[in-house]
Amino acid sequence: MRKNIVAGNWKMNTTLQDAQALISEIVHMVQDEVTGSAVEVVVCPPFPFLTAVGKQLPEGSRFHLGAQNCHQKESGAFTGEVSARMLQSMGAEYVILGHSERRQYFQEDDELLSQKLKAALAAGLRPIFCVGESLETREADETFSFIEKQLKDGLFHLSNEEFDQVVIAYEPIWAIGTGKTATSAQAQEVHAFIREQIARAYDAEAALNTSILYGGSANAQNARELFSQPDVDGGLIGGASLKSRDFTEIIKSF
Ligand SMILES: O=C(CO)COP(=O)(O)O
């Protein structure tokens, strides 16, 4: 089901105490200030803080818990890894997969991401699958073919029923953590293209029903303009999700 979603990716930030203070502030501000709109809020703290943060999310509210990654195997001798089932058992409903930082620093390729997607879905998690081009790719005018390939090779092997559970995030690498946001027109153009690709791979209904989030230097100042685009269904927020006031303002931008 297509929904408006604002997700906060805390990346490798906060201590347990910071995380608890941050989520407490966010929950209070959002509950006091966001009354009408149907936006769903997903918070993705680091693995060790999932339970603590999850406990602070009011039940039955707009808040949902997400993780930033999972391992592709169900269980076993993989020292230091975290399975999708573990995340689900801690209350996570979402998991970010295919983030450019995972692709770049941890060599996650389409084949591995395909396995992670299957593992997440099998455990009942909803993947937030990230795609996005580098500056080099954009400047070479290859953005669309690059994203088409990421979708085809990483995501479109899923069945219709599996794909129903997926949220897509368009995160141009050149916009992540750089303060250089895509313009709303640039975001809309790529989001519309992604929707078209979904219609081709599945059908028009699947395309209409998929939430597509924008990520990359989204903030309290530019969120309203980005979210006003017809194919932008919300945001995947990095830096600004670590500041309760900024994150709340972004949520209020719908
Ligand atoms: O990578 C991001 C979210 O996953 C975006 O990060 P920034 O909002 O810090 O640019």
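Including glycine, each Cβ sits where the backbone N, Cα and C put it.
TrEMBL entries are annotated by machine, without manual review.
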Site-mate of ASN9, TRP10, LYS11, SER217, GLY238, GLY239 for substrate in TrEMBL, selected among GLY54, GLY177: GLY177
Annotated binding-site residues TRP10, LYS11, GLY239, filtered by Cβ under 6 Å to ligand 1: GLY239
Rounded distance in angstrom between the Cα atoms of HIS99 (active site, electrophile) and GLU171 (active site, proton acceptor): 8
Where GLY239 (substrate binding site) sits in the secondary structure, as DSSP reduces it to three classes: helix
Cα separation, GLU171 (active site, proton acceptor) to SER217 (substrate binding site) (Å, whole number): 9
